[in-house]
Amino acid sequence: MKDEVALLATVTLLGVLLQAYFSLQVIRARRAHRVSPPLTTGPPEFERVYRAQVNCSEYFPLFLATLWVAGVYFHEGAAALCGLVYLFTRLRYFWGYARSAQLRLAPLYASARALWLLLALATLGLLAHFLPAAARAALLRLLRALLRTA
């Protein structure tokens, strides 16, 4: 059992560490710009770091759910790879947003694509799980044919 989910567990732990890093950056920005809790407004430099962290936290549960469902029901390696891409693009998003609101956009779109791909993999995996064996085999043949033409 453990071997079947080791990649998913690793990506999950990396995601948790990334969330911790984002939180530490908010603490650092609070100190640098003298914004005491519970305030969430201050200089634009602080607000960008704060908003980047909050946005990443808001999407983290969606990421975890799609990562695990895609990994268990579709393919662990594919889900883990998409998960790593998602985490890397969220890190780039955070760094970009901390510098300027405009620099957040390209990584934001890239992370959205990775999340949509995880959702698609999770959906396909669950669909295949609930289909009868004959329909599942036909779906797999169709997917292989589509991948060859792509």
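Cβ atoms are placed via backbone N, Cα and C, with glycine included.
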### Task
Answer with yes or no whether Swiss-Prot records Glu4 and Gly96 within the same membrane-side topological domain.
no
### Task
Could you measure between Tyr97 (glutathione binding site) and Arg31 (active site, proton donor) for me? Cα positions, answer in whole angstrom.
18
### Long-range neighbours of the topological domain 'Cytoplasmic' (70-73), counting only residues six or more past its ends (CB under 8 A)
5, 7-8, 79-80, 82-83, 118-119, 121-122, 125-126, 128-129
